[in-house]
Amino acid sequence: MKVARLDGLVRHLILAGFSASIALPLLWVLRVSLTDKLTAYRLPPEIGQIGLHNFVEVLTQYDFTRWFGNSVFVAVLATAISLPAAAMMAYATARYRTGGWPLMMMVLSSQMIPPIVLVLPMFLVFTTLMPVPGIIAITIAHVAINLPFMAWIMISFFDEDTRSLEEAARCDGATRWQAFTRVTIPVAMPGIIAAGLLGFILSWNEFLYALILGNHSSQTLAVGLASLETHAGVNIAPLAAATLLALAPVLILLPFLQKYLIKGLSLGALK
Amino acid sequence: MASIQLNSVSRIYGQGASAVHAVKGIDLQIEDGEFMIFLGPSGCGKSTTLRMIAGLEPVSQGDLLIDGQRVNDVDPAERDLAIVFQNYALYPHMSVRQNMAFGLKLRGTPGPEIESRIAGVAETLGIRPLLDRKPSQLSGGQRQRVALGRALVREPRAFLLDEPLSNLDAKLRSVMRTELIKLHRKLGTTMIHVTHDQVEAMTMGTRICIMRGGEIVQVGKPQDVYRDPADTFVAGFLATPPMNLIPARIEAAGEGLAVIAPGLSVPVPEAYRAAYAPYTGREVILGIRPEDLFETPEGAAPAAIDCSIETVEALGPETILNVKLGQGGSELAARLPAEGDWEVARQIRLFADSLRMHLFDPETTRKIAR
């Protein structure tokens, strides 16, 4: 009995350690966002005078709403374009071995190459195609990053189980497309939603392409937040407030989509 | 209702030297209203053949005809056949009612007719209380019924059953076996049932098609195939325990012939003498069914067999004895009445009815005609 209690205690201590390592930076940011620059740097940490002045400053004195709008535009559009395409690509790869292993390797290698390697070629391509690359260029770049990533996640969703469901549908009188849209897609939906969510977060947080391909008017949140680090110093308190505001959509979405994320990511792995 | 004809049908995976011939040019005629069983071990090509009939696998060579019409290139949706899969393949996001209505809706059946058909089939299969449940809320047996219901409600030209009973427990399997037989009798629709279970094959089908290595070994009524197996594979595959197959020789014995093996001498009945005479002095394989061994002399030409008991399997209504022939001979299984007092290692004398023996050519493994 004692051993079991000790075992439980050790487990909880380990879990508490991990939780703290994730939660502490966020709590630190929250503290900084509610205080002022001077208090923010004080050690040992102090709470100081708490207020929402940093949030007000971010929303009134910076282009925060534009950054936010740009991020929403890019992330939503990139996800909306890449998700159906990735679903069909994953389906074709899983069901018909389209492209064989060379395509699979290409998909995988696109995730292994450091983004910095692709930035310059992509910049050259976009400056050739359009006079000033902007938000559309960032969106297209995000589609290019997201599509193979989402497809790779979704391949396992179109496994043997969905194959026999599809065959049943085809014998029931469905065409290949009807079987795909009315049976395979609904069955794989938790996984597709999970892939979409991960793709959205990837696009929302993406910095490098948004920085290189964007201009002043097309700055996304990640680039905008970085601009708060000026040569005159880091504007730490408004930066913390802006960071929390930037996290808000993901934090709001996550509880709603958590069930899909867990169900979706375990799809294909569990029977 | 449909008749199905396979003319030199093959299914080949891959190309060139690495090509795998899963089905090798089979010919088969399945009559309208027949209950055909495809029986064979794993990898024999029975499921592939069924899937070719369903249209889920392309026919690599040969012709597949349904009601005399070549359907090689016809989409599964247009063949109007219903298939019940081993894993049932119920649409998990739909209720039982929606699962059953799916095929009818795709065919544009009017709503009231869909409802009345579902109600009728649900009544027949006893699944009416399950209509609003999702497949995940059903037991294995209930899922099996729903899968069957989904096929029935469409009133297809033929039913294709791909090992639908193999995931059920023994008791439920027996119940469903009987229900399928009754259903076939009631509907009279062509049914093709794929199984590796010999009991299903023997009890359900009007004919059995036994396959091995992508080829058809024998087609016939269950009892005909059982009584007259085409080769040692069929003889050894059907029934549990299977036919005893003993390496032997045919020797001249006085004026007649005898099948000789270590510890065994079975005189060839006069009726078979002419057929077996060309094999005199040659190796053969003697086949004796376990139920053709008796404690007392039976039949017109009984042959005594001295042996010792190796194991005793008391099954209740009968006992299976595994015995060993004398002089280092083969082991045999004998199906005997339960009443006997059997002890391991005891020497006993059994009698084989030599009129019921089978001889096979060891080179071709085919049965020697008599």
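Backbone N, Cα and C define each Cβ position, glycine as well.
Taken from TrEMBL, the feature transmembrane segment applies to A:12-30, A:67-91, A:103-129, A:135-158, A:179-204, A:236-257. Annotated domain 'ABC transmembrane type-1' per TrEMBL: A:68-257, in sequence order.
Against the transmembrane segment (A:67-91), the recorded stretches A:103-129, A:135-158, A:179-204, A:236-257 differ in Cβ pairs under 8 Å, and the greatest number is found for A:135-158. Among the recorded stretches A:103-129, A:135-158, A:179-204, A:236-257, the one sharing the largest number of Cβ pairs closer than 8 Å with the transmembrane segment (A:12-30) is A:236-257.
Long-range contacts of the transmembrane segment (A:103-129) within its own chain (CB-CB distance under 8 A, at least 6 residues past either end) are made by residues 93, 137, 140-141, 144-145, 148-149, 151-152, 208-209, 212-213.
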